[in-house]
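Quick look at what Swiss-Prot annotates:
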- R27, Q28, A29, G30, R31, D77, Y154, T209, H327: substrate binding site (BINDING)
- D77: site 'Transition state stabilizer' (SITE)
Amino acid sequence: MSQLKNDRYLRALLREPVDYTPVWMMRQAGRYLPEYKATRAQAGDFMSLCRNAELACEVTLQPLRRYDLDAAILFSDILTVPDAMGLGLSFGAGEGPKFARPVENAAMVENLPIPDPETELQYVMNAVRTIRRELQGEVPLIGFSGSPWTLATYMVEGGSSKAFTKIKKMMYADPQTLHKLLDKVSDAVILYLNAQIKAGAQAVMIFDTWGGVLAHRDYPDFSLQYMQKIVAGLIRENDGRKVPITLFTKGGGLWLEQIANSGCDAVGVDWTVNLAEAKAKIGHKVALQGNMDPSVLYARPARIRQEVRSILADFGNGSGHVFNLGHGIHQDVPVENPKIFVDAVHEYSKAYHK
């Protein structure tokens, strides 16, 4: 593999010195880019795009051609794992994901297979290998998965949800079945992420998009303990380098100390979290990633720069901060605005790394 030319992202995750704060954006390969829309049209539909290694590589690299980003993230979807477990994933035009065979009871959990990442999910590993080759060591490649709780919400609800009544019914009325499901999904995710690391992912991130819908006493049992199980099962060194792990629970500000004790290297935070307070609580133990509200990217350039300055000031001096949005970039953001954002992070952060 090519020697890494820009390893600031990996160094910041390990709280090692950097000369400026590295930055990337969740969903940086996506619908706000006209070239992404063109490639997706060429693929035919979303899952065909994910399953074509060359096209998945192309959309992964597109934002790096426009913006001076410090990391690439694999173009894929968190639902590849439950899809490979036989739930029948589909994306209707303009609709969210749907599963033809949602998980409804203990017998269905029992019958779920744990997919082999190099057979049922080989298309993801092929994409990782292709992207690593094409990146030529410019920036690190991030692999990822959904968290067991977040994946289980889709598997039980049969798709996206606003109220999460089906999975919460299972959680309160039949917790044993839900724990069995979460345990099985954790095993599948460990295999999946380790396969991504072996294929060339240099860091991994676990997206716990729906952890924040849990009651404060349920989160450790139904979300965090399973992410902790994954962290304990992951390959932590590859190619002679540490493979850093970031956990991101949207709405997870209540549980920062517990997340930081999970064994991860970095904790992602959304825009509801005060970065200065988060650093004071857990910055001695883990790096922090975040946390600009993605809607700031609708603003005028001066307002974007002002927000970048404020967040950098919140974190203050030293390494251990990866600048990012607090969630994915919105699909109708003006395409020139991420450049203003990324360049501002690089320019204004240098003063904090002397």
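Note: Cβ is positioned from N, Cα and C throughout, glycine not excepted.
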Distance, D77 (site 'Transition state stabilizer') to Y154 (substrate binding site) (CA atoms, angstrom): 13
C-alpha of H327 (substrate binding site) to C-alpha of D77 (site 'Transition state stabilizer'): distance in Å? 15
Which chain-mates of D77 (site 'Transition state stabilizer') that are at least 6 residues away have a CB under 8 A from its CB, listed by sequence? F46, M47, C50, P97
To see if you understand the setup: which same-chain residues, six or more apart in sequence, place their Cβ under 8 Å from that of R31 (substrate binding site)? K37, R40, Q331
So which of the binding-site residues is most packed in, judged by how many other Cβ atoms lie within 10 Å of its Cβ, out of R27, H327? H327
In the chain carrying A29 (substrate binding site), residues 6 or more apart in sequence that have Cβ under 8 angstroms from it: Y36, V59, T60, Q62, P63, I73, F75
